[in-house]
Structures are given as C-alpha cells and as structure tokens.
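Chemist: I'd like to ask you about the structure that follows.
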Amino acid sequence: MATDFARTATNLLKELKTHLEANDLGGSLGSVGGGSGYSGGDGGVLGGLLRDPGQALPQFKEEEVRRCLQEVAEHYESLVSILDAFRDQGVAWEGRPEVASSVLIHHQALLRNKRLLMAYQNMRLERVKAFRWKCGRLPRSTQEKLSSPEKDFVKRYEKMLAKYQKQAGVDLTVGFYPPSENMLKVRVVEDLGTMEFDYIGEADLQVGTVHLLPHEDAERLIIEGKLEHLAN
Amino acid sequence: MEPSPSPLDGGAEGVDLPPDSLGAEDFAPFNGGAGDNVANDAQLMRQAWINECLAPEILMYKEDIVDRTRTEIARQEKIVEDYEQDHANALTRMIRLAEVNRIKFSLRSYLRKRLSKIEAYAIHFFANDELSSRLSPQEHEFAKEYIQNMNDLFQESILKKMPRDYDSLLHQSQAMESEVPDMIPEPHLDKHVFVKVTDDLGDIRIDRENTIRLAQGDIFAIRYNLIKEFVDTGRVELI
C-alpha cells in the first residue's frame, strides 16, 4: 500500500522529465538567456528553435498532483493518530521501536512526496521561464497547458521583467549571441506594413519581401516569428 | 591645407580628435597607441561580464561601469546615426556600429547573468545582508518580487494543500525536524574555476597541510572559495 503511494509521485516526476527531455528547446534549459554555443551555420539567428511549440510543456497533471496530496494527507492522518493515541495514554512513543519506526516512515514518506511535488512544480517553472526567454510571449497552445497559479506567475513575471528593464534602461530580451553582423537579411513572413528602424529609416515590410535590417530589431521580430532569417 | 579630421576617423594616425568625436579613446578598434595598461570601459565591462559568468555566486554590482557603458553606448549610437549620410566613411561607421553592438551584447549578458543568479538563489541572497548589498536597488526589488511570486505559485499549487506542519517553503517540516530552514538553495562555492593571477598573492592555504604560491601571471584551476575575496578587487581574473 505504501509503495503504491510512493510510486505515483515518482512516476509523475519521471514522466515530466522524459517528456521535457524529448522536446528539448535546443540551446540551454537554463532559465535566463545565454544559449550554449552559437552555431552560425544553423540557418537561423537562434540556433535551435522549438521543434514543436505545442509539445514543449505537457499539461499540468492536476489529477496526479491531487492524488499525491491525498497520499500526503493520509500519511499525516496516520501520523497524527499514532501520536495522539500515545499522548492520551501518557506513554512516550520514542521508546517503543515499532511505533517509532512507523512514525518515521510516515514522516519520511510525507516529506518525500513533498519534495517530489515541489520538484515537479519547480521543473515546470524553470521550463516556463526558459520558454519565455527564448520565445517572447508564450503561444496560446502552451498557455493552455499551464495551471491557473502558473498563469498568474507568468503574468507577474512579465510585469517584473518589464519593470526591471525599464529601470535598467536596457532591453534584455534580444541579443543572446554575440553579434557577428550589423545587419541581417530577412524575409517577411507576416505583413507588418511600414516600420521605422534605426540607421536605415523606413522599410515597407510586405509579405515575401527581403530586407536588410539592423541586427537588434530584426532579432526581436525573428523571435516573434514575423520575419525569417536568411543566412548565406 | 589639411582637411579637418572627420569625427569618423578611428584615430589611426594618432590624430588628436575633438572630445565629441566617435570616442576614439574608448572604442576605436585601431587605437593601438593606448597601451595595454589603460583599462578602458569596454575592457572593464567585458571583464566584469566574464567574471560574472564564471563565478558561482553573485558578485558586487559594478554600478559605475554599467552606467558609464550605458551612456557611452547611447552617445556612440547617436553619432553613428548622425553620420548616416556620410558615405565616404561608411566602412568606418559600420565597424564602429559593430563595436557598439558587441559592447551592448556584453552589457546585456552581464545583466541577464545576474538576474539568472538572483532567480536561482533569491531567498538565500535576501536573507544574507552581505550578499544583498551586492545587488543594485533595481535587482533588489526584482529579487523581492520574484520571491513573492514564487512563494505564491508554490503555495497555491501545493503547499496550501499540505498538512499544517509541512506547508512551509523554507522548512521541510516545521514540527519534527529542523529549526533552521533547510529548503533554501545556495550556490556551490566549492566549484573549481580557472583563474589567472594578476597580482602577486603569496601563499594560500589549500588544506591542512599544503599551501600554494600564487605569483603574478600564473594560471590555476582552484576552488572558488579560496580566491573569493580576490576576484572583486581584480587581483585575480576568472578565465
């Protein structure tokens, strides 16, 4: 019985881990920027974009989490009932090895579940943050996979980042790799109309046209998916 | 008559440029005359960035370097933009632009690296006075909000539903086990780092019996703990 309990939490974590590894974001899994190695010949400014954004984060496993928490509650109840029974009788439970070991097992099992749940939530958290740093705002398919507290977290995280960037006066969401060119050759994927850029003035971004744009602005739009980088 | 030096000249001949020029003294890639001992802002920024990337814990916020670099970047960008129509010097302008972009990159990476360390070890920094003095005021605020945000997330999804004694973010179990919070992640200060010694440091004790002599110019792979206090003062460099 106790082994069944333990299995759920471990399975939960293992499942998430294999799923995440199978859909690696490419580059770093670390939470903030800094891709591991700039592969210039990759045909893209950001070496290793998502293979399938929809798969990158599995659905928050509400059911499994609930079962884990239920096991925790059951362990706790057993624990408390043992302690209460002994307290009522006025006998010290520490002295009786069979009781002490049972108390210890419940306690440790409880802690193990707690650790696994926290680790699960933490892994998802890191993943969501990595996603946000790599791809700007999360696409709708990923947003659906978040639990409601996670959605709140993402909203507040965006606000925090925006505030910090404004105070620091630096945009931190572009420039993950040392720039090797001043201007990037890009093809427009989404119609953006006429936009103004530093150094070159206005550019009319119709779908299918090819432009030479300043590195920084181009990178931001490439991350958002509106431009396509044409590497030579 | 000699034409007056255009501000776009990189000072290649050692021409005396007016102070408001393209900042040859700071950024000029051709500024060979400056010598190796003058650490200009770009180099300081770069070294600060390298140190921050390689050190396991967060280092002192180099406010003056960051501020100076930021103003310099803004100034350079404006000059590059102003000389957009000057086709005679287009190549120099492009090179200057490339340099500005690279320095912008190192500034951004520096700040991003610090943020990532703050996120990873937020609670630890917050609880420790010495460490929280290394953060800039904006980073401090970011850390505080991040802790609140994270706390709310964990509370909502898991901790609220745990039994009473086990629902803390900091303690594994408040009733049974420890008085001291045992769930706060801390950076590993024993990590080995590569260092290059820039100042003669004499002997350093590395364990009970042995000492190592750190002379200028030596390169070591050494535990971070042992050279911690020298990194900030610049007496060793992380490489």
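From the backbone N, Cα and C atoms, a Cβ is placed for every residue, glycine too.
According to TrEMBL:
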type: DOMAIN; residues: A:103-168; note: domain 'GINS subunit'
type: DOMAIN; residues: A:184-230; note: domain 'DNA replication complex GINS protein PSF1 C-terminal'
Chemist: So, by DSSP, how many helix, strand and coil residues make up the domain 'DNA replication complex GINS protein PSF1 C-terminal' (A:184-230)?
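Modeler: Tallied per class, the domain 'DNA replication complex GINS protein PSF1 C-terminal' (A:184-230) gives 10 helix, 23 strand, 14 coil.
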Chemist: Take the domain 'GINS subunit' (A:103-168) and average the pLDDT across it for me.
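Modeler: PLDDT averaged over the stretch: 82.
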Chemist: What are the helix, strand and coil residue counts for the domain 'GINS subunit' (A:103-168) according to DSSP?
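Modeler: Helix/strand/coil tally for the domain 'GINS subunit' (A:103-168): 58 helix, 0 strand, 8 coil.
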